[in-house]
Amino acid sequence: MLPKLRKFWCSYPLSRQLGLSEIRDVLIFVLVIMLLAEQKTEFTSFTLKMTTSVFIFHFRARAAVKTSTSWNAPIIWEGMFDPQFFDQKHIQENSTVALTVFAVGRYLDAYLTTFLTSAEQHFMLGLPVTYYVFTDLPDRVPNISLAPQRHLKVVPVVKHSRWQDVSMMRMKTISDTIESELRHHFRYVFCFDVDQEFKGRFGSEALGDSVALLHAHFYKSQERKFTYDRNPKSKAFIATGDFYYHAAIFGGTWANVKHLADACYLNIMLDKQSNVEALWHDESHLNKYFLIHKPSRLLSPEYCWDLSIGHEPDIRIIRLKWAPKHYEKLRT
């Protein structure tokens, strides 16, 4: 472990990220870690992840916003990381990414072309990426120009009669596809809603074991205002939580995404047996999952911003934006 730790440390451009006092603090911390490692001290994986975060994120760069959780997971904001460092790291590690997106019914014509073409401009550039488009209209998937090492695969699915079921049942489809194909070819899986448009870098800094997105409308709200499912009869019930997550984006290693999808699908089906439906459907179940299984990396609302909120000084860059919603037309 020690040689890798030294190599990792030397490759990071400290002078561009940390002040002198911070460099001193980090060096002291690293020396302690090295001494303990040489004495064959046992580390938990969680401790190692905490150590790694010291190297790659500048938590003091954004004093006005929360940059880490109580369990020491980073909350990623512009200014906290060196993009080149992450890109080089994941290229060296041969990281591969599968992006799943559902474009069912009228959502395909309304959003898919913009989603895919903007992803080609901003999503995980420089890494091998395959888009998995799940749709009931495979013949209408647009033929877009893809960069080298980028691919698109169309997966036919059945359209459910209710949009709520389309949203909830995607968890089973994601899990089945991971099991049958993705686990054999990709290290990471990211799941997106189609009604979004990439506007800026959405890069390898977002890759992690388990990745959740802070909801743009609640990232500064008090917990009592979160729209958790408060019905004790639902498996998505949350009495008290910590963050409110947006189901428009979630990701991680294929194993962790499959675990999430399986857990959410199981609880959705248990609710159905009890004739219960969670307040915000799969998003309610996703929030319950992340309350129990803490994500290792949180994306700030930069990674999915709603322009209707207006100007917000915290948002220095919009990496992805919500597309205009026309639910009265799309969900009929």
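Backbone N, Cα and C define each Cβ position, glycine as well.
In the three-state DSSP classification, Glu283 (active site, nucleophile) falls within a helix. Annotation source TrEMBL lists active site, nucleophile at Glu283.
Around Asp193 (UDP-N-acetyl-alpha-D-galactosamine binding site), a 10 Å sphere centred on its CB holds 20 further CB atoms from the protein chains shown. A strand conformation is recorded for Asp193 (UDP-N-acetyl-alpha-D-galactosamine binding site) in the three-state DSSP classification. According to TrEMBL, the UDP-N-acetyl-alpha-D-galactosamine binding site annotation covers Phe102, Ala103, Val104, Tyr107, Asp193, Val194, Asp195.
Taken from TrEMBL, the feature Mn(2+) binding site covers Asp193, Asp195.
Ranking the recorded positions Asp195, Glu283 by the number of CB atoms within 10 A of their own CB puts Glu283 at the top. Tyr107 (UDP-N-acetyl-alpha-D-galactosamine binding site) carries a helical DSSP state (H, G or I). The UDP-N-acetyl-alpha-D-galactosamine site is set by Phe102, Ala103, Val104, Tyr107, Asp193, Val194, Asp195; from the centre of their CB atoms, other residues of the chain with a CB within 8 Å are Val101, Leu108, Tyr111, Leu112, Phe115.
Ranking the binding-site residues Ala103, Val104 by C-beta neighbours within 10 Å puts Ala103 at the top. Glu283 (active site, nucleophile) is 15 Å away from Val194 (UDP-N-acetyl-alpha-D-galactosamine binding site) when you measure Cα to Cα.
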